[in-house]
C-alpha cells in the first residue's frame, strides 16, 4: 500500500510549530498525488491551509493511533519520527506520571523534580529476576539486565548515564549502584556494598554544587567499576574521575554556589571540634558569597555535614584525617579572603599581620613571611641566573586563585585515591559492572575549553553508541535469516578526526602551549590556516577572528579561543608549592608527593576543569626524568588518553544506555518544555536510534502474537493448523507490497507505518461489526419499546374512564353531606354563644365575692402579726440583759481561778524537783508496764477469740452485706427525699419573701385598692395565663430534656460499644503484631543458628583435618543446649504482657544488639557444655572407682542382701500404714464437697497436714534405727545357725562365714554409724522444729503488728467520722465497712485459691505415692529372699490370670536411642508413611517412648530423647528443606507431638475431650511445659520454611498464570511491542497457566491432608498461599502498563473466581484466604468500572477500600486502552480521585509486601486415637522397642 493512500479524510498528522515544536492536525479531505495544499483542522478549532514544500514534496508526519500512544517502548510506535517520540514522552510524563521510557536499547529518564516512591526495596525485589521487557521501564530494569547478562554471559557490563546538568544523571547512577548493592550483597562481612554507597555522599559533597540548572549538579565525570566474584557478589569497586571544574572554587556565577563541602563546614562552624578552623557564616568568605545564594531550599547543610562525616568514618577515614581535610578546606576559604594593596602598577603587598593570611598559615602550618613574600613575588629563571620580580595586584590575585584551585584539585585527587584504596578488594575480581556518570552535550552563549572537552567526549560516546545500535540490528536480521541492506547512519568519525588526529585541534593546541610566546590569537590563526575550507565540519565565524565553529553530531557549536592555552597548561607558581611542601602539617605534603611536574615561570590563571586520573595505591618507582616528562602533559593530552582508555573499557563490555532528559529549566515538577526536550533528544542520540530503527523493520511480531491480534481480519477458511503459513497467506492479501514486510524464522518484520495500517483495517472491521450489532439491538429495543407503549396506552385509558365515573359519584355524595353539615353548624353556633354569656356572669360574681372575703382576712391577719412582733421584741430585751449579767460573773470567776491555778503551779514545780517525786513516777511506770504486759496477754487471748470468731464472721458476712446494701438504698432514697424537701422549703421561703413584698405593697396602696380593682383583676388574669404558658413550656422543655437524655444515653451506649469493638480489634492487631515479631525473631534466630553451625563446620573442616579412621563426634548437644536455653527464656517471658521489641513495617530488621546477645549466649553455652562434659567425665571416673571397690570387697555383698531384705519388710509395714492414712484422707475429702473442706481450718486440711508431718517424721527417724538394729540381729542370728542348714540359700554358708569374720570388726562400726545417723536425724528434727517455731512467732508478730495498724486506722476513721455531719457520717461509715468487707472477701478468695492449688498438688502427689505403693506391693513377693520366706508365715494368696493389657507405652534401651531417631526421623521417607500408615505415626511413637521414660521417672532419658528428636528434625529440614512433602510431613508430626504433650500433660484445660482411658495415660512425673514451648518454636520455624518452599514453587507460576495467560481466549488482543519484547501471553509449551496454579494448589492440599495436618493449620497455609498469589499479581500489575486494561481486568476477575471455586470445593471459604485477594479483586474492578464523572469517582473511592491511594492512582495512570473503543482516564478525573482520597490515612507504599508471613497459631487439636491400639509396622525397622 502506498504511503499517500493513508492521507485520507480524518487522518491525523503532525505539522511544525514555532512554539510547541510540533502541532497535531486533522485532514479535512483526502490527499491526491499532485496536490500542493492540504486542508487541515487544528485541535484549537482553527482551519489551516498547509502548503507542501515544492522541492521535496514531503507530506507531514502521520500520527500514531491512540492505542499506541503512551507505549513503554518508543520503537513499538508504528510511525517512528520526532513528533511521535516527543508526544509519547509527553503523554507518559504529564498524563501518566511515568518518567522512564524505552527507546530500543536506550532508557530515557525524564527528571520529575519531585520525590517519587518508586525506588524502595520492594520495587527492587519486584524487578529482581524479571525480564527487561516484562516490567515497566525503570532504571532497576536496566540494572537487572546488566546484572543478569554478567552472570549469564560471563561478560563485563557497563551502564552509560549521560545528559545535561540537572537531568538526573547522578541520581540515576546512584540508584543503579543501590540496586546492585541490594540484589547481589557482599561476599565478605565487611559490607562492601555499604561502602560503595557511602562513597556517594563524600563525592557529592566535594564534587557537586548548586547551579542555575540544578541544585546538586555534578561538576566532574566519574566511572565506577563495581567488582563481583564468581558467585556474583560485590567484592569491591574502583572510581575514575574526569574534568573537575576547578574554576568554581574561586568563582561562581549569579545564583550559584561553590562546592557543597564549603557550606557544610560553615554551617557546622559552631561545633567544638571546628573551633580551631575559625570559620563563620558563608557570606563572610569571598569564595562562597559571589553567587549570592548560600542556601539551598529544603537542604540543611549541618545535617549534610554529619552524613558526610559518617560516610567518611564508614570508609575508614580516621578522625585525624577528617580534621586534616577540613583544615585544608578551611585554609582555602581563608586564602580567598587574602587581600592585596598596590604599591605601583607593577608591584603589590599584603598588610602586615593580615588576619586571613595568618589563619591560612596557621592552618597549613607554614611560615607567614615566606608565604606572604611569594604571594606578591615570582621567580624568573634564565640560563645564567635567577631573578625575583614583584607582580601586580591583578597577577597576585590570579596567582592566589590558582593556588587555591591547585590545592583543592590535589585534595580531591587524594580523597578519590583513598576511596579507591578502601573499596579495593584482595579477592580476585571475576567480573565487573561499570557505571559511567558523565556530562552530556553542552552548548552555551560562550563556549570555552570545558565545553570543547565535554563535546569531544560525547562525540566518542555517540560513535560507540551508533556502532552498538547498528551491530544489534545486524545481529537481529542475521538471527532471523532475512535479507538486509546496509543502513545509512550518521558517522561522526570525521568530527573526531578533526579534534584528535595529527594536526587536529588538540594537537595544534598542545604545540602552541609549548611555544614561549604562544597566544590564543596565534593558535586561532593556525586553526584557520590548517582546517578552514579543508574540512566541512570546521567553520569560521563571520564577525570574529578569535573563535571557531565545529559541526558536532547534535548541533553546531561556536567556541571562543580566549583562555584555551592557559586552561590547557593548568600551571601554578612553583615557589608557592614549595612553601606548602615544607609544611609541618603532615597531611599537606602528602597531597604534593607526586607533584613533580615543571611549573611555568610565568604567571597563570588556572581556570576551568582539570583531569583527575586514578593513582595507584602504591606509587611506582621510576626515573626522575620520566616522571617530569609525564607531568609536562597538558590537560587536553591527558584527557584524550583517559578518554581512549575509557572507550577501550566500554568496548570490552556490553553497554547499556540511560539518557537523562531535563524537562524544563525552572525545576518545576512534571512540567514539560517541548523545545528543551527536543534539543536534548537530538543531542543524546535518541532520535538517531529511532532513525536507524525506522530505516529497517522497526515493528516485529511473533507469528503467534500476530495471529492473536489480527485474527479478526481472517476468515475461517484462512485459518490453518500452521500459524506461520496462516500469517503469510493473510499478509499477502492485506499488504500488496512485499517490500513492506519480511518473514523471519520466528518473527514477522514490518516497515514503518505498516502496523498502523493493519490497526486501521482491524479497527474498521471491528467498527463494522459493532455497527451491525448496534443496528440489530437498536431495532429490537425499539420494537420492545413500541409494544410497551401500546400496552401502557390501553391501561391508561381504562384507568381514566374509571376515574371520571368515580369523580361524578363523589360530587353527588358531597352535595348531600354539605346540607347536613350546614344544619348542625348553625345549631352549634347559637348554643356556644349562650354558654359563653352564662359563664361570664358566673365568673364576675365569683371574683367580686372573693375580693370582699380577702379584704376581711387581711385585716384580721395584720392585727395578729402586730401582737406576735410585740411578744418577740420584749423577749429579746430580757435575754440581752441576762446575757450581759452572766458574762460579767463568768469573767470574775475566771480571774479568781487563774490566781489560784498560778499558786498551785508554783507548788507543783517545787515538788517536781524533789527525789520523792521521781520515785512516785517510777512506781507508776512499773504499774503501767505490768498493765501493758497484762494487756498484751489479753490481746493474745482476744486474738485467739477473734480467730475463732473469724469463721462466724464469714457466715454473717453475706447477710450483713445484703442488710447494708438495703440500708444504703433506703438511705439514698431518704437522701433524695430530703433533697426534694429542701428544694420545696427553699421555694416556700421564696414565696414567703414574695408575699411579704406584696404585703408591703398592699399596705402602701391601701387607699387606691378600690380604684384599681379592675386593673388588678386584668393583671391577675394575665399573670395566670402567663403562668400557664410558662408551665406548658416547662413541661415541654422537661419532655425535650428527657428525650435528649434518652437519646444521649443511646448514643453513649452505641459509642461505647463501637469503642469497645475498635479496642478489641486493635488488641487483636497488636497481638498479631507481637506474634509476628516473635516469630520473625525466631526465624532470625534459626537463621543465625544455621549460620553458626555452618561456620562451625567450616572452621572444623579448616582447622581439624580428620585423620584416616577417625570419626568426628556429633555436635548436636551444643545446638540443643542453645535451643533449649533460648526457648526456656522465651517461655519465662511469655506471660509478660508488654514486650520490649520495637514495631516493625510488612518485615522486622535484624537488631545488632540481639545478634551480639545471641553470640554471647552461644559462647556461654559452649562454656557450660565444656563444664558439663568435665563433670560427666569426673562422675564416670567415680563410678569406675566405686565398681573397682565393689569388686575388691565381694564378701560384703551378703550383708547388703540381708540389709535389702530387711529394708523391704520395713517398707511393707510403712506401706500398710500409708494405705490406712490414704483411706482416711479419701474419706475426709469425699465426705464434704463444699469449699470449706479445703480451707486452712477445715478437718480434711488438718488431717492431711498432720498425717503428712507425722509420716515424714516417722519415716526419717524410725527407718534408719529399725534397719540398723535388724541388720545387727540378722547378723547375730546367722552366726548362731548351723552350717549344714539346707533350708537357706545355696550360698548361705559363704555368707555366714563372711559375716562371722566381720562380726567383731563390723559390729562396732555399724553401731557407731547408727548412733551417728540417729544424732544427725535428731539434730535435723530439732533445727526444723526451731525454724517452724521461729516462723510461727514471726507470723504472730506480723499479725499483731497488722492488728495494731488496723486498730489505729479504725480510731483515725472514727475520729474523722465524728467530725462529719450525721448524714455524711452514716455514708462514710457504710462506705468504709463496704471497703473493709470487700478487701476481706478478696483476701479470703486468694487464700481459697491457694488452698485449692495446694490440695490439687497434694492429691496429685498422693496419686503418685499410691501408684508407687501399689507397684511396691506387687513387686514385694518377687524380691523376698528365701530366708524371709522361712521366717515369716506364708499367707495363701489367690493370683488370678488375666490377659496382658497394654498401657500405651513403648520401651527402649538407652543405647538404642540413636537407632530410634535414625530410623524414625533421619531415614524416614515421608511418601511411604503418608500413604500406607496412619497420619502422625512418628509423633505417636515418640510420645509413647516419652511416656515410658516418664513412667520410669528417668529425667535424663526424657531430656535426651526430646533433645535428640528436636535436633534430628532440624537436621532433616536442613538437608531436605526444599522438599515440600518433607517439610509438610514434619510440620504435621511436630504439631501432633505438641498436641500429645498437651493432651496427656494432666492439665485440666487439655483434658476436657479425653476419654477416661486417655486420662489414665497422662504424664505423672514430669512437667514438659518448657519442651512444649521449644516444640512450638520449632513448629513456627517449620511453618515459615514451608511458606518459603511453596513461595519458591508458586513464584514462577503466578505472573504467567494470573496475568499473562489468556484464560478466556479472544478477550484481549496483543498490542504491538517494541525492541524490549515482553513475555508472550499466548500459552506455549512450558508456559504456566491458571490450571498449573490450581494443580499445584491441589497438590499442596492433598499432601497436607495425607500427612494429617491440622485443619486450622491447613487454613493458615492456604491463606498464606493466596496472599502470595494476590500480592505478586497486584505488584506486577502495578509495574506493568501493558496489563492495565479493561480486558485484563476481566481475565483477572475470572481467574480469581476460579480460585474462589477451588476454595469452595475444598471447604476453605472460612479460612480468610478470599479476603487476602480483596486488593487484587478491587484492582480488577477498577480496571473495568466507568472512569468519567464525579459519581464514578465516588463509586471508586467507596469500592476500593482495600487499595491504598497510591495504588488507585497508579492503576488509573497506567490504564491503557487495547482497542480504539476504549478511552483513557483523564487527568482531571485522577485529580478528583486524589482530592477525595486525601483524607484517607493509609500507607504511602505502592507495592504489597509479598514476603510478609502471617503469624501462625497452633490451636489445640486432641486426638481420639487410643495409644494402646497403635501398632508399629515392621517397615520402620523398630524391632528393638517393645510395647508396654
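Glycine residues also receive a Cβ, built from the backbone N, Cα and C atoms like all the rest.
Taken from TrEMBL, the feature domain 'Myosin N-terminal SH3-like' applies to 8-60. Secondary structure of the domain 'Myosin N-terminal SH3-like' (8-60) per DSSP, as helix, strand and coil residue counts: 0 helix, 24 strand, 29 coil.
The annotation domain 'Myosin motor' is assigned in TrEMBL to 69-763.
Applying an 8 A CB threshold to same-chain residues 6+ apart, the list for residue 167 (ATP binding site) reads 109, 111, 440, 660, 661, 662, 680. Annotation comment: TrEMBL describes 163, 164, 165, 166, 167, 168, 169, 170 as ATP binding site.
Residues or ranges marked as compositional bias 'Polar residues' in TrEMBL: 600-613 (among others).
Positions annotated as region 'Actin-binding' by TrEMBL: 643-665. Packing against the region 'Actin-binding' (643-665) from elsewhere in the chain are residues 89, 93, 103, 105-113, 139, 142, 145-146, 149, 153, 155-169, 172, 176, 213, 223, 240, 242, 434, 436, 440, 456-457, 460-461, 464-465, 468, 671-673, 676-677, 680-681, 684-686: each is 6 or more residues past its ends and has a CB under 8 Å from a CB in it.
Under the heading compositional bias 'Polar residues', TrEMBL lists 1116-1130 (among others).
TrEMBL lists 1507-1783 with the feature domain 'Dilute'.
Sequence-distant neighbours of residue 164 (ATP binding site) (same chain, six or more apart, CB under 8 Å from its CB) are 213, 439, 440, 441, 442, 660, 662, 680, listed in sequence order. Counting residues per DSSP class in helix, strand and coil order gives 9 helix, 8 strand, 6 coil for the region 'Actin-binding' (643-665).
For residue 166 (ATP binding site), the same-chain residues lying six or more positions away in sequence with a CB closer than 8 A to its CB are 111, 211, 213, 214, 217, 662, 667.
Apart from the site residues 163, 164, 165, 166, 167, 168, 169, 170, the chain places the Cβ of 111, 214, 217, 218, 440, 660, 662 no farther than 8 Å from the centroid of the site's Cβ atoms, the recorded ATP location. Around residue 165 (ATP binding site), the C-beta neighbours below 8 angstroms that are at least 6 residues distant in the chain are 211, 213, 214, 217, 218, 439, 442, 662. Within 10 Å of the Cβ of residue 170 (ATP binding site) there are 23 other Cβ atoms, across all protein chains.
Listed in sequence order, the residues of the same chain lying 6 or more apart from residue 163 (ATP binding site) and placing their CB within less than 8 Å of its CB are 109, 169, 440, 659, 660, 661, 662, 680, 684.
Within 10 Å of the C-beta of residue 169 (ATP binding site) there are 27 other C-beta atoms, taking all protein chains into account.
The Cβ neighbour count for residue 168 (ATP binding site), using a 10 Å radius over every protein chain in view, is 25.
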